[in-house]
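Per Swiss-Prot, these features apply:
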{"type": "TRANSMEM", "residues": "15-35", "note": "transmembrane segment"}
{"type": "TRANSMEM", "residues": "36-56", "note": "transmembrane segment"}
{"type": "TRANSMEM", "residues": "77-97", "note": "transmembrane segment"}
{"type": "TRANSMEM", "residues": "111-131", "note": "transmembrane segment"}
Amino acid sequence: MHSSSPFYISNGNKIFFYINLGGVMNMTISFLSEHIFIKLVILTISFDTLLGCLSAIKSRKFNSSFGIDGGIRKVAMIACIFFLSVVDILTKFNFLFMLPQDCINFLRLKHLGISEFFSILFILYESVSILKNMCLCGLPVPKRLKEKIAILLDAMTDEMNAKDEK
């Protein structure tokens with residue numbers, strides 16, 4: 001048996017097939033540590049959580065159900081990344097065809113797995129949340145960007161009401 005391989009097949013009279021969870025876990029952790037997009041998801045989630053807590057402290061609006069919902073969403077994002085990284089290890093599917101060539105050239109990508117593709121989507125989502133929390137904390141944000149964030153959030157949530165700020 002090869003402990004470094006996630007699969008073991010016996011070549012005797014019977015063929016045994018099973019997943020060695022330790023091997024899959026080691027490969028997954030190694031995979032996650034090598035991919036910048038996955039590291040960026042964890043970084044943006046952490047930074048957004050910090051800014052969200054600071055925003056709640058500043059506004060004195062601690063809402064445990066809102067915090068729990070946000071925490072569940074962030075844990076689910078990380079769980080999805082772990083799951084999709086296992087899918088990447090097993091399938092080796094390449095999502096580069098979904099990105100414009102300019103982005104591929106700028107990022108110098110040769111391969112984009114499903115976990116990295118969803119990592120990019122999660123990074124974009126968390127980046128909007130970071131900008132929102134920066135505005136709510138009173139940090140300097142360019143006026144045009146702040147207005148666009150307020151309009152976007154007004155259409156999608158009730159967290160930053162753009163009508164109240166005008």
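Glycine is treated like the rest: Cβ placed from N, Cα and C.
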Practice task
Would you kindly list the residues that approach the transmembrane segment (111-131) from elsewhere in its chain, counting only those six or more residues past its ends and only Cβ-Cβ distances under 8 Å?
Solution key: 31, 35, 37-38, 40-41, 44-45, 47-48, 51-52, 77, 80-81, 84-85, 87-88, 91-96, 98-99, 141, 145, 149, 152
Completion exercise
Lying 6 or more residues past either end of the transmembrane segment (36-56) yet within Cβ distance under 8 Å of it, the residues of that chain are 62-63, 67, 70-71, 74, 77-78, 81, 85, 115-116, 119-120, 122-123, 126-127, 129-130, 133-134, 136-137
